[in-house]
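Undergrad: First the structure, then my questions, so here it is.
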């Protein structure tokens with residue numbers, strides 16, 4: 001496959017992506033289609049039974065109209081049931097969480113601007129805030145990646161590992177640390193606090209939040225009639241978890257993307273040409289920088305010099 005032209009490699013990549021897209025659609029249709037049809041049939045049966053029982057005092061179409069209004073309101077993030085104090089969706093902690101979901105492109109939940117002014121401000125806020133967020137992320141990446149390269153360099157020196165093996169070891173360790181600290185542990189806490197949430201649902205919520213998928217209508221504490229102070233503190237804690245977790249996930253992904261094995265896969269789709277200094281840089285350059293900051297290992301006293 002090394003003799004393929006660049007346009008052939010790009011075409012192969014596009015075809016592989018389309019095949020993966022189609023495979024995902026088929027699998028999701030097979031898994032989610034039958035449960036959705038089953039729930040729809042159950043809802044229709046319940047609706048028909050309710051209409052038959054209250055036909056004398058219920059005008060035709062009144063129940064469907066009421067349910068349509070309630071569902072449309074719920075789809076915009078406005079609670080129609082439960083405690084009225086909890087139903088205030090646009091309080092300050094919830095608004096902070098919504099603003100963070102815009103700047104981090106997470107966008108989970110049902111909150112959405114309803115007024116024309118809110119929609120216009122959301123577009124302007126995102127247009128100005130997203131570039132600023134990207135600049136902040138780039139700055140944090142530039143500051144934190146050299147710090148992460150120092151343990152890798154220490155391991156390479158003291159364990160006599162090559163830079164590539166030390167980088168792979170650090171990437172695996174960092175991935176496990178992020179997965180346990182920002183996915184599994186918060187999922188266990190959410191599973192214990194949120195009574196109506198399964199462990200798989202809690203793991204899915206944490207993963208979808210940190211991966212910016214955001215396809216989740218679960219918001220911790222919503223619908224449990226909590227004290228307003230506890231509920232607001234929970235929203236602020238969720239905001240802090242989202243920001244810190246996204247930063248940790250970004251560093252883990254960046255560490256994996258700088259592995260020589262991953263960079264070699266990327267070079268397959270680049271135009272063939274001489275190897276540039278940029279291609280030779282990356283993680284090995286960070287190792288050299290980190291090695292230069294380490295003090296030289298002093299030989300042990302009384303130890304014979306190695307031949």
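Even glycines carry a Cβ here, placed using N, Cα and C.
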Undergrad: With Swiss-Prot as the source, which of 120-140, 141-161, 267-287 is set down as transmembrane segment?
TA: 120-140
Undergrad: When you scan the chain for residues with a C-beta under 8 Å from the transmembrane segment (171-191), skipping those not six or more beyond its ends, what do you find?
TA: 148, 197-199, 202-203, 205-207, 210, 220, 241, 244-245, 248-249, 251-252, 255-256, 259
Undergrad: Return the average pLDDT for the topological domain 'Cytoplasmic' (1-10) as a whole number.
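TA: That region's mean pLDDT is 69.
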Undergrad: Would you mind splitting the topological domain 'Cytoplasmic' (141-170) into helix, strand and coil residue counts from DSSP?
TA: 26 helix, 0 strand, 4 coil
